[in-house]
Amino acid sequence: MSLRPFTGTSRTITQDSTSESNIKKGKNSTKRELIEEVDVNQEVENFDWKKLSGIKPNKLYEKNWQEKVKLKQQSIVSAYKEEAISVTHNAYTTTLFPQEVIKNVKNQGKLYYHIGMMAIGVKGLHRRKIGTKVMIMFYDDSFGKAREASIGSIEMDMNAGCGVFYSCPDFAKYIKDLSHLKIGIQTLGYENYEGKNLSVAIKTIGRLTTNIQSKYKINVKDIVEQISSQGIIMVAPMEIDSSHLDGNEWDLSKFLNHENTSRVPTKALIYQNLQGGESLRFSNYKQTRMHDPTENNSDEDEDLKILGEQLNIKMARFYTMQTPEEELREVIQQLEREKQAMIAKLEAKMKESSKMAIVEDNFNPNNEYLEDTYSEYEDLEFEKLGLTGWEDLDQDSIETEEITEWENPNQVLHREIRAYKSVSEQIEDIFGELLKEHGNYDMALKNLEEKYDLDKIEKAKSIEEIAKSSTSSEIRPTKRPKEEQTAYEDDMRDDWKRKELTVNPIEASKDRNFERIGSSYKKNFYPSRSEILNLDNVPPQFYYDQLVTWEGIVKNEWEARKKDGMDMWSWMDGRITGLVLYLVQDWISKNQAAYNDIKSRGDRPENFVKMVKDRFLIEDPTDERRTALQRLAQRELEALNCEDPTKIQPFMAEYLKKASEAKKGFDVVYVERLFDRLPEAVGKVVKADFVKDGNSYEAGIGIAVSYISTWMRAKCIKETEAKTQKKASLAFCRSIYTIGDYKKRKILKRVTNYNKNRRKNYVRRPSIKKKCRCYICQDENHLANRCPRRYTNQARASLIDGLDEDIVSIASDDEDIENFLEIIELDEFIAHSSQEHEHTWEIGGKKDKVCEICSYFTDYNKTVSCKTCETQYCKTCSDQLALEVTEVKKPTKEETMIDDLKLNVKNLEFRVTILEHKVEMQNLQDKFETMQIRNKSEITEIPTTSLAMRANESNYIKTSINKTAGCYVETKISFNNENRIITALIDSGSTHNIICPTLIPASWINNTHREIIMFAVDNSKYNLNQELIDDIKLQFQEVDETFGIKYKLGQTYVAPKPTKTFIIGHRFLTNENGSVTIHKDYITIQKTTGIYPTARHELKSEFARKHGGRPPLFSNIPETYNKIPHLHSYQPQPILGYKNEIGNQSLITMVKELEALGFIGDDITKNRTTWVCDFKIINPDINITCATIPYTPADKEVFEKQIKELLDNKLIKKADPTCRHRTAAFIVRNHSEEVAQKPRIVYNYKRLNDNMHTDPFNIPHKISMINLIQKANIFSKFDLKAGFHHMKLKDDFKDWTTFTCSEGLYTWNVCPFGIANAPCAFQRFMQESFGDLKFALLYIDDILIASNNEKEHIEHLKIFFNRVKEVGCVLSKKKSKMFLKEVEYLGVEIKEGKISLQPHIVDKIKKFDKNKLNTLKGLQAYLGLLNYARGYIKDLSKLVGPLYKKTGKNGQRIFNKEDWNIIFKIEREVSKIKPLERPKETDYIIIETDASEEGWGAVLVCKPDKYSGKDTEKIAGYASGNFGEKKTWTSLDYEIEAINEALNKFQIYLDKDFTIRTDCEAIVKGIKTEDYKKRSKTRWIKLRDNLLKDGYKPTFEHIKGNKNFLPNFLSREGDFILKCLQNPDSTESYSIDSSESIPLYIDSKESHSIESDDSIPLYRDKLLPLVERLKEKSA
């Protein structure tokens, strides 16, 4: 608790007929009363220090929770001390208790001291008003920091001369620690003062006890009142939140037995500090047992064992024979001799190792060398480590002092050698210590660079140099450069100068990938099979092999692991490391635009791999904290040189590694320097060829290394073929592995013309979904390119020879011909592909094909292809080539219909031909039968049936229906919650859908735009001029007798005559590029797949049920059948409110993609969010239970349906049998749900909510959010589908959500509705997901996208939709609306910058059932509905005041005539609500206030700037209210409270300087002269806090009461006259809101300001008749 001034009502003691002398003497005969006014100066003069001593200790603990008998056993201690002190420059500290009190308390035999109250008085020993200040702090120095130590603090102005403060800490302290409680005092302004300047008195009251209680309840109230009545200001303690410690790690090892142990160092480092002196730093601390000299039973022999056997023996002799000095001197001499012998051995080892050549410095690439200077270090002598002064120890000190562990010096030195740390590790150790010291990374790094010189830290300790030389035979000792050399090259260490990079053949031969061939080494390279790409140890000539291998692995891994919402680029970025990562980072940092262009082509892993291949290991290291390591790597990079041609490969690998570490991978200077560092015979030639081939140094070192490796390979090949050049000049060929015979390269090509006879030659690529066998030996453990038995099947081995890709053979049952491939030679393919013709470029291409130029994959709309030769380019490359792309004109609806009709005509003509042929064949058959059967006189006519309409029927078109043979299905067609169940005929021969007019309502039928002529099978003609309206939905009855997915029926014509049939024709069957397959027992619908039974199946099912069998579909459903959610075609305006005029194809495509992924729709299971709710339980031991609720049959039916849906969507699950909780679920049917015909389940989580910690996350303020969009002109509104269900639940919280219903006990997997903390948790989820989008307003699950113009809105929607895809949430399709000029949001309607109440709220208020007002719930519902209109009706709170009184306990429910007049008046006011406006951000704000006994009123006025004239002022809002009970306030109190209320109402507009106008002159003068600071009344203090809390500077301005026109009316009963003044002809009464601030806009011509007093009579003349007329009406 922070010590702050008491903010309650101050009280002062006044005397009645009593002198001050009597009060000072403590007489009780005076009459004392509490009044409100306080005279501070008088109180200071009457202040008496003894008032502190007058506080009774027993009164403080009078009402303790313990019994009085036990209370007597407690010791209550009161301490008082007073002293004069001098505090000028330094701080003064004193203990809270006098020393004699602390001593007496300790002798009481108690353990704890509870501090009940502390009071301190400070009085200046000088004259008043000298401009000084005093700060007092009550603290506990048991803590190390002031923030935790502070119990309370206060500063006071000594102008008054004195001050008294008190605090009730209410905590206990251990008796021995009472001296830690202190009072600290500092002063300002006493710098030139001499002598005692302050007198301090301290009073404490506490209680001694032997046991600590769980809670002390002390009687503070009476004491506080006593102190407050004497003018003492309260001091409150400080509260510190422990949230910064949440989630910290607890070290359990601290529980181990570390008794009598201490941390002692084992290493010391002496170095030169910044001041030129020497400093000592210890490190390598270890836990060591220490001897406690107070223990009498300690075993001295056990302590002596720590010194080792040798020392133990000598110490034993020391106690018996020698003096301490002699014995210690002998020990030191022995140690010195052993040390010198060890150093001699190690120096010999150094000389031997210095002859060896260096392969490379074993530096840590992740650390840095700094350029600051370091002092010269010599070997540390034992004497310099403080091992002197043994002779100063006496016998007693040796016996009682703890002796640390001693070891043989040889063992110590050997352990140091084994524990040797490299230079980089030393830097890390020092940097870690600096980081702990400063607590800031940048500050620690700065101190590291300032203090230490990395060139010299290697020689800091000679023991480390010895260890380094002994562990690496190839490293030579370093030498310090000469001080006088200043050139960069000369200033380097010897091992950093340019030198020849050599390889130790003995060490190299240990690598399993090398084998010795003659005098050279041949590399048998096997690429790593890891999905993480690391080329640090890969020779450059095998980079391609490794990259190709990695490409196949990482692509398969991505396809296997990818999920919706995963970012491919982030995932692939985690699959590279080492120098690859460094170079990739470096390239991106310098080519950000190119990188973004690659990302824009689509999320394909091939693009990322291609980027790594082309740019050769690129990325961006922007971490500036690695500058020291970069400098070290840069110096090593410049030191590299190669003179031996056979060592070019390892030299380039090292050069590339150092360049990537130094971030010089794309530095032109270092790329060119790579060629210069090569052997002269090679470097000049390859450099010239590199430039000649058109390469640039800007391509990077990776490209240069690859070019050099390729160039050397070509030279070696040429040398091998020609065999004429001397091998001396091409000595590097010994390190290059070449292929003896060059073979033609082969590639895979998709099979376009399948030939059954060549099936054995077809292959396919490996698939992660199927088992793959080797193409050669059929082994599942490897593929053909790595087959160890490659030549067992030489025919197949020769077929794949030269093929770089992995392949597998075609299985015998594999019929996926589209994925069959054939192997062809590359030359043949190029010759075939390079046929010359005139290309015709169009938008679009194959998705699995790359660009012919850049080899990147692109999306369909970003691809250009030639339809003749199928050559395909990306949009970027086509723009660079300036190709002329033919825009394919999208056919109109009429053209599409004409084309369809033409196609149908051709089909019908073909069918007619077939039918004629069948008729002819039938006639021939009849003639044949007639000739054979002559004995029959009559020929039986073959009955024929027709399924088409006949023209010769007048009333009805007869059809012969055989349901056992035709494809008839049960369907449901619906529109606007009205549906019909009809038996339909699936007829693929019918061109259109045709329905009988008697089967559907007449309201579903529209006239066609033109008459359609239809021909039947018998060529009869029919004219169709009616069709069904759009948006008719069609559902099929499924096997389980439920109707499935809704399909769009499409264009359906109404038959001209009744047929009693519904024919589903070709138009529906081929709708949405799908198809319908008709089987005997069922039909299958492709794309939107479903299986629906026909009438034949129903007969079979009925037969099967009678004989105990199963329906055929339940036992005969194809294995491949799976219900796929229907993909609705995107129709912009009806579905999402999208304007056809926008025409932004990319936005439409994006919406279609989101619909396809399910992110726009009504299926909550499509969400891919990973957000997990973290609800905190207060008491985990509580069981949540409930009583059983009876359910009606209707409730059970609802439960059965909705619970099944929740289970199918996996939102809930069956509860665990061991679950301890259950919450009741019940059905709610209110008006809105009855209209929608969907009752909902409600869960009573009240007990669970009571047992949960409240989530502190704030829900946004509605008014503040509305103000953010006042400039927007175009909106899009979205709503998340079942918003809370997007959040997952932690496993340990799921059981708490278990609920019971008629169907059983179930547990939620996602966050259910009804959890109290769910809105806050969901708002946090929305802020984390979309909070950075400044144009998106988020209010729980409502999202509003607001933009200034249409173009900006399109870009905002694209960004928003991409974020939706990343987050994986589902937007409700029904509630999504885009490109709106006006929108309803948060209860208001926004249009053209104006805000009005939503129309449906107005309708609800006007149409509210008046019969419900006589009931308490009905009246409460009506008043709650009126809260939405508070911001739009003046004085509404005053108007509805009588109605609120009816809701009380004693309120009368029955409405009388006046009550009904209030209701009717409210309805009239609601009908007059007009749109409102808000002040602009640049406007200057003025608040005008006035007050009366009836209430207060305020007006918000705005103008363009502070200095604009009054004619520019406009009223932007107003507020009013009452003061509740009538209080005995003065007029000044009312005016002050009116300003406070106005500041609170208009707080959101007060973010800058403003002006307050009031007709109270006392307030204006008091503020300007700061006289208000001397007042202690609560309202003045509250006014001061309101004025200063936000840091703005208000200006007070006084106006005369007759000019304070509108605020004056707002604060009185006659405030309704304002509206009468605006509308003199009106006879209605008006009122102004009493609780809410209401934005309002009035034109400048109607400004309320009155310039002169002369105009007042004019207004009075208008007002008086109106008042009289209104009074008569009300009477």
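We count from 1, first residue shown onward.
From the backbone N, Cα and C atoms, a Cβ is placed for every residue, glycine too.
Checking Swiss-Prot for zinc finger across the ranges 268-285, 682-699, 772-789, 988-1005 points to 772-789.
Matching 387-403, 591-607, 744-760 against Swiss-Prot, the residues noted as motif 'Bipartite nuclear localization signal 2' span 744-760.
Under 8 Å from some Cβ of the zinc finger (772-789) lie the Cβ atoms of residues 763, 766, 796-797, 800, 803-809, all in the same chain and six or more residues away from its ends. For the domain 'Peptidase A3B' (970-1077), residue counts in helix, strand and coil come to 13 helix, 53 strand, 42 coil, using DSSP. Residues 800-805, 807, 810, 817-827, 829 of the same chain sit 6 or more residues outside the motif 'Bipartite nuclear localization signal 2' (744-760) yet have a Cβ under 8 Å from a Cβ within it. Confidence in the motif 'Bipartite nuclear localization signal 2' (744-760), given as mean pLDDT, stands at 77.
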